[in-house]
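Listed features, source TrEMBL:
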| type | residues | note |
| --- | --- | --- |
| DOMAIN | 219-277 | domain 'RING-type' |
| TRANSMEM | 47-66 | transmembrane segment |
| TRANSMEM | 73-89 | transmembrane segment |
| TRANSMEM | 95-114 | transmembrane segment |
| TRANSMEM | 135-161 | transmembrane segment |
| TRANSMEM | 167-186 | transmembrane segment |
| TRANSMEM | 304-325 | transmembrane segment |
């Protein structure tokens, strides 16, 4: 009996088995063991696919509901996963270059978090925090865009005129990954710092009423006095007051230092007045094309968070369901 008949003949009779060589008999037995082990797997694969499909769709609604109803716990879990999951992957896979940058990044941001959580809060701390994260965003944007351009140039064969295609693609993916990851990590960090600083100053509360009454011509973000539109001071100079600072008045008539309110809205990703929580139209802060590009890049970073944090959790839950149900 030839091998083709053996592999496709199904169950053999005793007479057919007697004609098999020892080698063919061994392969036949392996085939039968394989068919026995995988019997009914077609139905199992359909069940597994339905479980995966349900998990992917249901998780979207769960995440949105959680973010809306219990934002603080959502933020804490999201940031913790975003910070630690790539580190764990790097340690497991030996990405020592990534570990180095992660440690340096964490040290600098740890100092920024320390500054933003001090009580009393220094008047210059908010603009220091927003300036630092502006630098982080700009650097991550440049690195990410450089990686994207390298990937595209390699894809169209232009980069191969100068370096090997594999090397160029690896560099492009490396730059793109670093830019996106550290960009989204900084974006979550600045939101945490923004809430903490504003709550410490006392003119902002996420859920309830603020602890302090906001007087006229006081910036609710840094707590320092501002100037009248005519340039005269409303109060005697105070400690930590910023002189010669352009101001910006929202539609709710509350005034802020321009750098403070731009940092709060564009960098701290807040679209409300920090005092009365009236909606702020973000278009009024986009004075140049760079601001528009930054907003598009920030939207991309929000999608990266899902891939880094929630996708591993979802697939881990799916694998746990497969194990409980005995699916292979």
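Just so it is clear, glycine is given a Cβ too, placed from its N, Cα and C backbone atoms.
Beyond the ends of the transmembrane segment (73-89), by six or more residues, the same chain brings 63, 66-67, 95, 98-99, 102, 106, 181, 184-185, 188-189, 191-192, 305, 308-310, 312-313 to within a C-beta distance below 8 angstroms of the stretch. Taken together, the residues of the domain 'RING-type' (219-277) have an average pLDDT of 69.
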